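Listed in TrEMBL:
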{"type": "TRANSMEM", "residues": "24-42", "note": "transmembrane segment"}
{"type": "TRANSMEM", "residues": "54-74", "note": "transmembrane segment"}
{"type": "TRANSMEM", "residues": "145-163", "note": "transmembrane segment"}
{"type": "TRANSMEM", "residues": "175-197", "note": "transmembrane segment"}
{"type": "TRANSMEM", "residues": "209-235", "note": "transmembrane segment"}
{"type": "TRANSMEM", "residues": "256-277", "note": "transmembrane segment"}
{"type": "TRANSMEM", "residues": "283-303", "note": "transmembrane segment"}
{"type": "REGION", "residues": "326-356", "note": "region 'Disordered'"}
{"type": "COMPBIAS", "residues": "334-356", "note": "compositional bias 'Polar residues'"}
Amino acid sequence: MIGLAWAFPQVGKSYGDIDAQYTIKWGAVIVIFLLSGLGLEVRVMLQTIVRWRLHLVVQVINFLVMPFIGWGLVRFLAAVHSHIDPVVYQGWMIALSTSTTVSSNSVMTRNAGGNDGAVFGDDHVLFPPGSARGTPNYVDILKNLGLTVLLPLVVGQVIRFLFPKTIKYLAAKLRFSIINSLALLTMVWSVFCDGVATNAFNKMTGVDIVAIIGFDMFMYCFGCCLTIFVARLPWPSNLKEPKWVRRWRFSREDAVAMMYCGATKTVSMGIPLINVLYAQSSYGVVGVLSLPLLMYHISQLFIGNFQVQILKKWIQRGIEQDKLKNAEMKEDNASLQSQETLPSTNPPMRTTHQSA
């Protein structure tokens with residue numbers, strides 16, 4: 001898609017050959033969120049939403065810790081005059097303020113042997129601090145959000161509630177996931193067409209690209225390590241472990257799901273929302289703002305798939321350790337029961353011998 005944007009920017013740019021400001025900026029966004037509403041099963045949401053402790057940890061890390069750490073790094077880079085485009089700073093903050101993704105998290109969690117059911121329920125919306133060209137018009141933003149995001153979601157949920165079997169059949173027959181991916185690809189294509197047509201990427205230097213890749217990879221790895229640490233809460237083996245630590249600690253399967261949800265960021269929700277929220281900015285700037293999120297997505301897919309085998313072995317090792325502990329507990333219980341039965345059988349034998 002990026003290559004097509006470089007080759008034919010006039011086709012997919014806003015106010016271009018296909019009027020992408022309507023056909024893609026509105027049409028593709030509506031399709032994405034309508035399919036999200038159709039694919040969101042209410043029963044699964046109700047089952048997972050009650051696990052408030054798990055979701056609370058994920059939301060705090062994803063929406064509070066990650067953006068604040070990123071904000072601190074951005075302030076540091078700006079203070080030392082790192083010669084990075086200021087729009088890239090805004091792109092980083094937008095990327096870190098988006099919610100987690102569901103589809104890739106579910107796949108990687110399932111492949112690693114984690115609890116993929118815990119992935120659902122952590123996908124929310126983006127709340128950026130401002131547009132790339134000053135204070136945004138919040139009335140227009142809310143109107144666009146309502147028409148292109150909230151309304152399609154609600155309509156999709158209502159249709160799924162009324163015709164659940166039909167929607168499941170159509171989802172399998174028409175391949176909703178493929179349609180969703182195609183709509184997202186058209187969004188990415190149009191964004192880069194705008195950037196190429198307005199020469200927005202020409203001012204980006206090699207320093208900007210290297211900084212984006214390094215920053216994104218660091219933030220993803222940091223989010224993974226932090227989430228695993230909070231979920232498993234290690235305790236020194238030479239010290240007695242408090243009860244609250246054992247009660248707090250999540251299973252390894254849950255920890256894997258939490259790690260992916262806490263560290264990843266969504267493109268399927270982020271790119272459409274960037275286009276809606278920053279519609280008043282110049283179209284080339286929207287492309288630059290989207291680049292850190294796109295690179296973050298590539299980084300999390302690359303590193304996340306590399307982590308699958310490591311996490312799978314970690315979970316299997318935990319299962320084996322649990323089996324050994326259970327076997328030891330059974331042996332201890334059996335020995336205790338045998339010791340308890342010995343005193344009760346010996347006295348009758350002694351009395352019988354004396355009477356004889």
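Placement of Cβ uses the backbone N, Cα and C atoms for every residue, glycine included.
All annotation found in TrEMBL is predicted automatically rather than curated by experts.
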Would you kindly list the residues that approach the transmembrane segment (145-163) from elsewhere in its chain, counting only those six or more residues past its ends and only Cβ-Cβ distances under 8 Å?
26, 29-31, 33-42, 125, 272-273, 276-277
Intrachain neighbours beyond the transmembrane segment (209-235), with Cβ under 8 angstroms and 6 or more residues off its ends:
57-58, 61-62, 65-66, 69-70, 73, 77, 82, 84, 88, 91-92, 95-96, 241-242, 245, 248-250, 252, 254-255, 258-259, 261-264, 291-292, 295-296, 299-300, 303, 307
Quick test of the contact rule: Cβ under 8 Å, at least six residues beyond the ends. What residues does that give for the transmembrane segment (24-42)?
12, 14, 18, 148-149, 152-157, 159-161, 167, 171, 176, 179-180, 183-184, 186-187, 190, 268, 272, 275-276, 279
